[in-house]
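The structure appears right after this line, and notes come after that.
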């Protein structure tokens, strides 16, 4: 019997927290579907979503200022359990009649939480026990405000040395507040606390499992497309691979795979992709030579957003042309949830576009093909779990992500054939050395970036002006936040030496040591 994987659902309202997407991932790990929406979303959307519980995220602002963000007032009147985290707790307390003040001593980092009332959220959870027999928890704090007076109906359920009201609860209305962050790994029992809220308080049934997601996706694809054919664009990445595999599992030979050789793929990538997909999918793969087409469309374009949109439009036009030849009506795409989040804007304009993904905001409005996006609700780690469950090879599943527009957005400014050739060689050297040194799977994504600037160097006995290559490697779980990878200096020196000596046009190599945020993973 097929499960309704969306029947039980949690809504997360985002107040601008760097951890908001992490909350969503934790809820998904518990086995319950959730969605992340901006805190200023309209009432109708929330009511249509019909959540079993609502989580208010943290945020960078202070509740004590009149113009700061507030939770929609009606959510406290609909009988739905609410959990406020950090800023979410503070705004809930303030909006329901409590008081919030700036603290004399901000709390950042580890703190020991003393549980005063373990009912519901903290039931059976402890890291240690105090001499008085009270449960103690190691938690992660990051706040400059505190709830100084509880709202009517609430009681303090936990405290720290610096926060007398570190957790609060109105058990009758099922409203809970946590001043700490249960979603981060620095709060070891955080997963269990969130599970208590989602499973026991909100009474959600954990149907969001890999097996059920696959079943639901197959059923959805079959219902949408019927007997019609679907065309799926292959890129060599995990997203398009899992998309193609799901579609093939759903409709068999109705799937047609298309690999567009844009000229912007990595060195030897076309041959590698064709080999992998024909071997493991057994599907028909059409390779379209579109190098001249993409280069012509990108000529003179230096703006990153324009490059992304042009790439998106050219991809769609190629697929439409192939679809007409084959009488195909559907396009399958590997859009994933972070693509949707990063490309979204709130209706009030408070959200900001970080970048447009070529398969989300970069699609032309007059597109003739109908879209099917089976991964649209999934984070990257969920996509990889699906791929393994579907039997795809681990080397493909854990291959580093590659952007749809390809090397066009790893070349700063205008794209031309010379720059592409230089970047392909530099990137291949970097990846080759990562694999030889067993660092490839220790980082989540690594690549080279071409900078169209010339820097002076010395080759032989002569001065030499050459281009600059930047190397980027990051570690991340969900690609929503990332840390730069602290690779050994000896390794970076070896890569730099090879690039400068093997690519005559390059005179300098630099390494990017910026986290996300403030930077994005890609340079453009």
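Placed from the backbone N, Cα and C atoms, the Cβ positions cover glycine too.
Summarising the annotation, Swiss-Prot assigns active site, nucleophile to 86 and lists sequence analysis as the type of evidence. Per Swiss-Prot, the feature active site maps to 181, 183. Swiss-Prot lists 235, 236, 237, 238, 239, 240, 241 with the feature ATP binding site, giving sequence analysis as the kind of evidence. What Swiss-Prot lists as domain 'Glutamine amidotransferase type-1' is 9-207. The domain 'GMPS ATP-PPase' annotation in Swiss-Prot covers 208-399 and is backed by sequence analysis.
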(request) With the residue listed as 'active site, nucleophile' as the reference Cα, tell me which of the recorded positions 183, 235, 236, 239, 240 is the closest one. (result) 183
(request) Within 10 Å of each Cβ, count the other Cβ atoms, then let me know which of the recorded positions 183, 239 comes out lowest. (result) 239
(message) Using the Cβ center of 235, 236, 237, 238, 239, 240, 241 as the ATP site position, which other residues in that chain lie within 8 Å, going by their Cβ?
(response) 234, 242, 243, 334, 396, 399, 402
(request) Using Cβ-Cβ distances, find the residues under 8 Å from residue 240 (ATP binding site) that belong to the same chain and are at least 6 apart in sequence, listing them in sequence order. (result) 232, 233, 234, 333, 334
(request) Look up residue 236 (ATP binding site) in the DSSP assignment and reduce it to helix, strand or coil. (result) coil
(request) Can you grab the distance from residue 239 (ATP binding site) over to residue 183 (active site)? Cα atoms, rounded to a whole Å. (result) 26
(request) Enumerate same-chain residues with a sequence separation of six or more from residue 236 (ATP binding site) and a Cβ-Cβ distance below 8 A; give 'none' if the list is empty. (result) 265, 266, 269, 272, 273, 276, 399, 402
